[in-house]
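Single-structure report; data block below.
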Amino acid sequence: MTDTQAPSSIPLAGVIGSPISHSKSPQLHRHWLSKYGVRGFYIPMDVAARDLRDVLITLPKAGFVGVNITIPHKEAVLEIADLVTDRATLIGAANTLIFRKDGKIHADNTDGYGFLENLKAGAPKWNPTQGAAAILGAGGASRAVIASLLEAGVPEILLSNRTRVRAEKLQSDFGNRITVIDWVQAGNMLEEASLVVNTSSLGMVGKPEMRVPLDGLRKETVVTDLVYTPLKTRLIETADEKGCVTVDGLGMLLHQAVPGFERWFGPRPEVDREARAAVLR
Ligand code: NAP
């Protein structure tokens, strides 16, 4: 034990954001803590940007072994961490921190991992190397999705975003496997894709509906939506009607939490019906 760690044998973890009351992570981690009989706690913490550094430096001294980081701190935390994984650097954001025994803060991004694991579980026959992926949206989540798809070997990514310059920035960051498509042409790129991903917030409760024409969807195409409130977005519903394999966004939330839980508490948790039910409660 170093002087930065508390002498507690009960591991503490949590999620830091602002606001934080909407976060489903506490329900999920508490379910897993109970399922695996781990004597630990997972706590939601509303922390303002100006206090983030102080809080992160203090938490290990109180027995915390790590935290999840959510909006609006995912980018700022890279400046505070001592070690940042290559994928978190590439994505430009971190969502999982490990407080190491040597006192160093280790930052990782597991969103891309969660996205890919969810896709593999929901569409086991999808072969990343077989065709292009069409992505709607170029925000923070899109960066994680693109990084994971490129790593998985997807040969081409067609990327469309309302604000074109944001998609062009991703193209310049991630390279020539990305082709930017005008937002008004977004519907046309769907028929060329073997995977369609909505990473925009369109279709989410409280946000505008997705108006991109979906006529081009083919039944061979795998369709996934990062939005999970509601679970059945218009994109998922339309794709279901066309006979596509569809994967909802809730599983990504569950899978991205697995590496953190394992590092902090020991057992590698299972993403199953019970875990889904725990966050839907
Ligand atoms: P973000 O960085 O704020 O990006 C929002 C994206 O949505 C941008 O591409 C934005 O386009 C687009 N958008 C917003 N309003 C639009 C509109 N009226 N018309 C067209 N495009 C619009 O957010 P994010 O962190 O990437 O998250 C995006 C979504 O993914 C959210 O719904 C979030 O809940 C979800 N998400 C889910 C998971 C999961 O585990 N399932 C994980 C992460 C995120 P502009 O660039 O033009 O503004």
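Glycine residues also receive a Cβ, built from the backbone N, Cα and C atoms like all the rest.
Just so you know, TrEMBL annotations are computer predictions that nobody has curated.
Annotation source TrEMBL lists active site, proton acceptor at K74. DSSP assigns K74 (active site, proton acceptor) to coil in the three-state reduction, outside any helix or strand.
According to TrEMBL, the shikimate binding site annotation covers S23, K24, S25, T70, N95, D111, Y228, Q256. Taken residue by residue with DSSP, K24 (shikimate binding site) is part of neither helix nor strand, so it is coil. Over all protein chains present, the Cβ of K24 (shikimate binding site) has 18 other Cβ atoms lying within 10 Å.
Feature annotation from TrEMBL assigns NADP(+) binding site to D86, G137, A138, G139, G140, A141, N161, R162, T163, R164, V165, R166, L226, G249. Look at T163 (NADP(+) binding site): DSSP puts it in coil. Around T163 (NADP(+) binding site), the same-chain residues at least 6 positions away in sequence with a Cβ under 8 Å from its Cβ are A138.
Taken from TrEMBL, the feature domain 'Shikimate dehydrogenase substrate binding N-terminal' covers 15-97. DSSP assignment over the domain 'Shikimate dehydrogenase substrate binding N-terminal' (15-97) gives 35 helix, 19 strand, 29 coil.
Residues or ranges marked as domain 'Quinate/shikimate 5-dehydrogenase/glutamyl-tRNA reductase' in TrEMBL: 132-199. For the domain 'Quinate/shikimate 5-dehydrogenase/glutamyl-tRNA reductase' (132-199), the mean pLDDT of the prediction comes to 97.
Taking DSSP states H, G and I as helix and E and B as strand, the domain 'SDH C-terminal' (249-271) has 15 helix, 0 strand, 8 coil. Look at TrEMBL and you will find 249-271 tagged as domain 'SDH C-terminal'.
Of all Cβ atoms in the protein chains displayed, 27 besides its own lie within 10 Å of the Cβ of N95 (shikimate binding site). Put simply, G140 is the one of the recorded positions K74, D86, G140, N161, V165 whose Cα lies nearest to the Cα of Y228 (shikimate binding site).
When Cβ-Cβ distances below 8 Å are used as the criterion, the domain 'SDH C-terminal' (249-271) is approached by residues 11, 13, 24-25, 28-29, 32-33, 35-36, 38, 40, 65-66, 68, 95-96, 98, 108, 110-111, 113-115, 117-118, 121-122, 224-228, 231, 279-280 of the same chain, each at least six residues removed from its ends. In the vicinity of ligand 1, defined as a Cβ distance under 6 Å, none of the binding-site residues S23, K24, S25, V165 are placed.
For L226 (NADP(+) binding site), the Cβ neighbour count at a 10 Å cut-off comes to 28, with all displayed protein chains included.
The shikimate site is set by S23, K24, S25, T70, N95, D111, Y228, Q256; from the centre of their CB atoms, other residues of the chain with a CB within 8 Å are V15, N68, L253, A257.
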